[in-house]
C-alpha cells in the first residue's frame, strides 16, 4: 500500500477516533475533580489517585514509548531508504500506535488518570514547543528561517538534528498523548486529533509521504488552531497572542517552504497585517498591546538560537580537548 493512501486513510481514522472520544465523553466527565487552582494547575485529574491509576498510565506510556523508539532504532540501523510503498516497519508502527490508542481509551474509562497526576503541565507544553522548534531547524536547508533566506548552520549540527529528531518527536507526541485523559472538551478533542496525526506521521517514517511539504505544513500550522481553541475554552483573553504569534511564524518561515507565487505570498502578508490591526485597533485590546504578537516568534526563534549556541559551545569544548596520538 502506498504512503499517500495510508495517509488519507489515517486522517479519516483519526477523525473517527476523535468522534469516539466525544461519544464516550460522559464517562470521564462524570469524574469529580478538584477546583481549578490557577495557571500551574491541570484540572483533569483524580482528587485521590490510586496505585492502579498511576501504574496503568505509566506502564502503558512506557510500553508505547519504548516500542516506537525500538522501531526507529531498527529502521535507522537497517538504513532504510525513502520510497512510495510502506516498509514492513511502517505497518508495525501503525499497529503499535493503534494498540496503545485503544489502551488509552480503556485506561481513561476505567482508571481515568493520565501522566498529568505526576508531571508538570509545563512539561507537556514544553515538549510540543521544542518539537516545533526542532522542525524549524530541520527545515532550514529547504526554507531558511526568515523569508526564505538560508541560515549558515554548521552541517554537523543539521546532521545530528536529522539523525535524532525522530526520537525526540516521538517522545513529545507520545508523552503529550499520555499526559491527558481522553476527555471530550473541545480543547481535548482538537488536541487528541493533533496527537493522532502526529502518531500517524511518525508511523510513516522513511516513506515519501513523511516529507511531503503540504502534509508537514499542515501538521505545523495545526498548533495554531489548537492553541486558540484552548485559550477560548479556558476563558482567556490572550487568544490573539497565539493566533498572530503562530500566524507570524507562518509569514516569516513556513510560507517559504511551499510552492507559492509572489502574489499569493503578498496576499497572505496583507491578510496578516490587516487582521492584526483590526483586532488590536478596533477592539478593547488596543494598539498598545500589539507587541503581544511577537511573543511566540521570539520564543521559538530564541530557542533555535539557544540550541545552536549550546551545540557550538560543545563543539568548541571538544576542540580544546587534547588529541590522542
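Don't overthink the numbers, they just go from 1 along the chain as shown.
Cβ atoms are placed via backbone N, Cα and C, with glycine included.
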Point to revise | Of the residue ranges 122-140, 141-159, the one that TrEMBL records as transmembrane segment | key: 122-140
Check your understanding: Under an 8 Å Cβ to Cβ limit, what residues of the same chain, 6 or more beyond the ends of the transmembrane segment (295-321), are close to it?
Key -> 129-130, 132-133, 136-137, 145, 153-154, 156-157, 160, 241-242, 245-246, 248-249, 252
Review point. Which bits of the chain, at least 6 residues beyond where the transmembrane segment (88-110) starts or stops, bring a Cβ under 8 A of a Cβ in it?
Key: 3, 6, 10, 17, 20-21, 24, 27-28, 56-57, 60, 63-64, 67-68, 71, 74-75, 78, 80, 177-178, 181-183, 196, 199-200, 202-207
